[in-house]
Amino acid sequence: MISITPTTLVLHRNPSFFFFFPSTTTRPNPTYPSFFTVRSSSSSSASSTSLQELEKEQGELRSELYASAPFLPIKSAKRVILVRHGQSTWNEEGRIQGSSDFSVLTKKGEAQAETSRQMLIDDSFDACFSSPLIRSKRTAEIIWGSRETELITDSDLREIDLYSFQGLLKHEGKAKFGPAFRQWQVDAANFNIDGHYPVRELWARARSCWTRILLHESRSVLVVAHNAVNQALVATAIGLGTEYFRILLQSNCGVSVLDFTPQPEGRSPFICLNRLNQTPNSPIAAGSSGGRKTSNRIILACHGYTQSNPEASTSGDLPMNMLGIIQSQKTAELLLDLKVSSIISSPKKACFETAMAISRLQEAADCLGADCVPRYVEMKQIEYLDVENILQQSNRDATEVSSLPPGWLNKYEDRITSAVWNQSEKAWQSLLGELSAESEPSKTVVVVGHPAIHIALMGHCLNLTKEWMGSFHLDAGSISVLDFPDGPSGRGVIRCINYTAHLGRWSIPITRSTVDDEEF
């Protein structure tokens with residue numbers, strides 16, 4: 001086994017000035033910032049700044065820098081598959097683990113790792129990076145199986161360092177640390193313990209890991225690590241700062257996929273989050289989001305393949321083909337254990353057919369053993385969920401946008417993506433209004449629209465701008481789950497993106513290349 005112990009990178013700042021990167025929610029390009037500003041500070045004000053304030057300011061700068069700075073150029077396309085370890089003994093006990101190394105996988109955790117191994121068994125990974133902690137390393141060993149290539153352990157892939165919190169049960173942390181524990185719960189990005197800012201340190205470590213992963217001579221890389229560090233890897237890859245901690249969920253043995261595409265002239269690679277948190281268990285099971293119980297949820301369900309080119313970005317108003325019908329039925333079966341409040345679809349045929357398949361199965365739930373109460377599901381159609389007419393206004397040759405590789409929306413002109421984004425804003429407000437209706441204390445709204453609109457809706461949930469639309473990907477028949485633990489007016493949490501495990505043999509394999517490169 002190869003082990004990497006990176007040296008610590010220290011960022012120094014001249015007290016008379018520092019670089020200030022714009023907020024991640026307004027930056028023009030999520031992975032390659034095009035500008036920065038210089039903010040001056042007089043020597044008198046600098047001298048009056050306390051050491052603690054200075055350290056806090058430096059920490060904020062460091063996390064922003066690591067989220068914003070461009071990645072090193074790459075020569076060929078690379079796909080990175082992130083997996084969180086299986087359930088550990090301390091997960092089961094509800095104990096704060098951090099980077100401690102006293103817990104091991106439970107029997108359930110071993111089974112979860114085996115499920116992930118089966119899910120990835122046909123994939124020809126070139127390398128596997130793993131955290132050195134026992135729970136993660138054991139998960140990596142199970143998934144890696146009999147492959148001859150050695151595992152590479154990287155100490156920067158360890159879980160977040162939580163210092164004095166580590167080893168405590170949650171109620172013990174609350175009793176012993178009071179306000180500090182509360183800040184960890186509600187404002188983790190600014191949480192300070194033992195003189196450290198753990199989340200900011202984590203973001204810096206994650207960015208350091210990416211440098212080594214991308215420099216490794218491999219094109220398909222498996223990375224097995226932990227909840228918080230995997231969140232940081234995803235966030236720093238697509239240019240999001242520490243305020244996104246606990247927003248991009250990572251469940252035990254959840255799989256996330258990132259595609260890195262080389263750009264000309266030595267520019268930073270284009271990075272697309274192909275999927276997030278594909279779990280061994282159902283993503284719609286009852287539970288918490290980021291440690292908080294949720295009763296409001298939006299499920300974005302993509303329709304199945306249509307009778308045109310199955311991967312076309314614009315297919316007109318066509319019905320689904322036989323594969324698409326099977327995919328929509330599989331989605332309906334997945335949602336059977338949920339009580340769906342309403343289904344809102346685009347009026348396009350494929351979207352309406354998918355909505356009807358979900359509705360029929362929901363209303364037949366009592367006959368199918370899901371529960372004993374007949375369900376009535378309200379169905380609505382809104383024009384805002386379709387953007388075919390907008391995409392067809394593009395000046396690009398149809399062949400340029402005929403398939404759906406990572407970041408396919410980037411192929412459209414700015415006026416087209418702006419129009420899609422503006423229309424999605426109307427759809428988003430309509431959906432939040434639907435969730436806010438007081439008829440039910442908890443609501444699940446299923447949305448079936450054009451994949452471009454679904455991507456934009458996820459952007460609105462994350463409070464991003466249209467420039468991020470190319471950073472996400474959706475496949476036919478997939479679902480994405482947005483939770484609102486603080487209600488519709490609160491901040492959304494992404495439970496999963498582009499989940500396709502429910503499709504079984506009718507899905508696109510997790511690590512199948514979507515890059516137009518036969519060798520990949």
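Each residue, glycine too, has its Cβ placed from N, Cα and C.
Quick look at what TrEMBL annotates:
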ACT_SITE  HIS85  active site, tele-phosphohistidine intermediate
ACT_SITE  GLU159  active site, proton donor/acceptor
BINDING   ARG84, HIS85, GLY86, GLN87, SER88, THR89, TRP90, ASN91, ARG135, LYS170  substrate binding site
Other CB atoms within 10 A, centred on GLU159 (active site, proton donor/acceptor): 24
Whole-number Å value for how far the residue listed as 'active site, proton donor/acceptor' lies from SER88 (substrate binding site) (Cα to Cα): 13
Cα-Cα distance, maximum over ARG84, HIS85, GLY86, GLN87, SER88, THR89, TRP90, ASN91, ARG135, LYS170, record's substrate binders, Å: 21
The one of ARG84, HIS85 whose CB sees the fewest other CB atoms within 10 Å, among these recorded positions: ARG84
For TRP90 (substrate binding site), nearby residues of its own chain (Cβ under 8 Å, 6 or more apart in sequence): ILE96, GLN97, PHE102, SER103
Under 8 Å by Cβ from ARG135 (substrate binding site), counting only residues of that chain that are 6 or more apart: HIS85, GLY86, SER88, SER103, VAL104, LEU105, GLY109, HIS226
Separation of alpha carbons, GLU159 (active site, proton donor/acceptor) and ARG84 (substrate binding site) (Å): 10
